[in-house]
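K.L.:
Structure below; questions to follow.
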Amino acid sequence: MRLRLLSAVCFLMGTLTPLMAKPVKQGPPQPHTAEGGSDEKPEETGLAYDRYLRQVVEVLESDPGFREKLEKANVSDIKSGNIAVHLEMVNHTVRTALDELKRLEIARLQELVRMEMQGFLKYFPMPGHLDLKNPHSFEVEDLKTLIQKTTSDLEELDKKRREEFKTYEMEKEFEKQEHLKQLSEEERKREEARLEELKKKHADHPKLNHPGSKDQFEEVWEKVDHLEDQEFNPKTFFFKHDINGDMEWSIEEVDAVLQLELDKVYDNNKSPEEDDPIERQEEMNRMREHVFKEIDKNKDYRISFQEFIDYTGTAGDKAEFKEDEGWNTVDETPVYTDEDYRRYLEAYHAQPGVIQ
């Protein structure tokens, strides 16, 4: 189960790991991703201090008093680091454990600096996620610094994810055009016809329901929950998909509810040319972000039972919930402009003396 403090700051990224695109010929390389809710290294933040962050959160949430304050805190207090003032209330065992974690983290950073000075490591910038002025104990300032730094870094990683996806799409278009240029006219026509057929096959899928709409949830109710012989009940549906029974839907639990919708468009058994796994991941990001925007009214990146019922209505009869305007997939939503593409070609594929 994702811890609440980590969830609040990490959701800023959308997905919790950087995006991976296939290797490209000349464009910038892309890092790796795992789909939200998968079993492949779940919940990694991609931060250089990920292990330290995770350990601090686990220790803090082992204290009942701090956990209670955390449950009642709004997301702005968490993201700003104001929640750190409650560190003074935690028990001695927790404070001792935090002190030790900080000492170990400082020792790790010192070792990296030493390796850099001896030439075994390239330039290592200090991450700035803890108070180095006090190397002996974990204080309020340490927790506040850690939360603020994590929030800032994850926002940057989320921006990077979106830019990397745009770059991936532009490189994909460039490679296609370059491939076509190398063919004879007859070969080019055959290849263009083949690509157009793949595009049509990809577009030939069942109607997509609007993520978080009644139609979308009812389809999960019937095809996943196998309750087609019963009338849709929001309360039953919520608790059926509250896997850990904590009265909230986490990011992973929302991803699971969206999986059926995603599978309508993207089939992992098909070739990447037809159903691109990178575009599949971005589609999940977009769907998830939309559902949280619609339902998570207090913006704590958890969907509580009350928020869910407020959105659906007790009997699933809220007008907003019943609306289904469909959904445009990522390949139907341009992610870059002609100007973006021109600049990309100039940056990564410009040839001396040739105007793109």
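Going from the start of the chain as shown, residues are counted 1 onward.
Using N, Cα and C of the backbone, Cβ positions are placed for all residues, glycine too.
Pasting the feature list from TrEMBL:
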COMPBIAS  176-199  compositional bias 'Basic and acidic residues'
DOMAIN    283-318  domain 'EF-hand'
REGION    21-44  region 'Disordered'
REGION    176-213  region 'Disordered'
SIGNAL    1-21  signal peptide
K.L.:
What residues in the same chain, six or more past the boundaries of the compositional bias 'Basic and acidic residues' (176-199), come closer than 8 Å to it by Cβ-Cβ distance?
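P.N.:
For the compositional bias 'Basic and acidic residues' (176-199), the nonlocal Cβ contacts are 273-274.
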K.L.:
Would you list the DSSP helix, strand and coil counts for the residues of the compositional bias 'Basic and acidic residues' (176-199)?
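P.N.:
Helix/strand/coil tally for the compositional bias 'Basic and acidic residues' (176-199): 21 helix, 0 strand, 3 coil.
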K.L.:
Counting each residue once, how many in the domain 'EF-hand' (283-318) are helix, strand and coil under DSSP?
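P.N.:
When I sort the residues of the domain 'EF-hand' (283-318) into the three classes, I find 21 helix, 2 strand, 13 coil.
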